[in-house]
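Have a look at the structure below before the remarks.
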Amino acid sequence: MHGKVTTIPEYILDLVPQTEIDLHCYEQLNSSEEEDEDEVDNLQKQPQQARQEEQHPCYLINTQCCRCASAVQLAVQSPTKELRALQQMLMGALELVCPLCATRR
């Protein structure tokens, strides 16, 4: 652009209106209310014991830091077999370190 007066054609090179895109969805859905009710009924019929077996209880382990002897609390959720393995490690050579000592190294 050279000159003292600016003209619009220098800025607008080609303006072409875009064709409009149809955003309407023509898909029709089947009524899924019956399916949802069936799923809810199945969950209610499922025995309470089976639901509890899916979720393992959370255990809190309270111990001391092996470096500074401050309290350390560890929350664990696992099946019984893995908890027994953790118990054996904690009774053996595995020691827990508090966050403060862990950052000090």
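Note that the numbers count up from 1, one per residue, in the order the chain is shown.
Including glycine, each Cβ sits where the backbone N, Cα and C put it.
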- prompt: From 8-12, 23-27, 63-67, which range did Swiss-Prot mark with motif 'LXCXE motif'?
  reply: 23-27
Message: Can you give me the average pLDDT across the motif 'Nuclear export signal' (83-91), rounded to a whole number?
response: 90
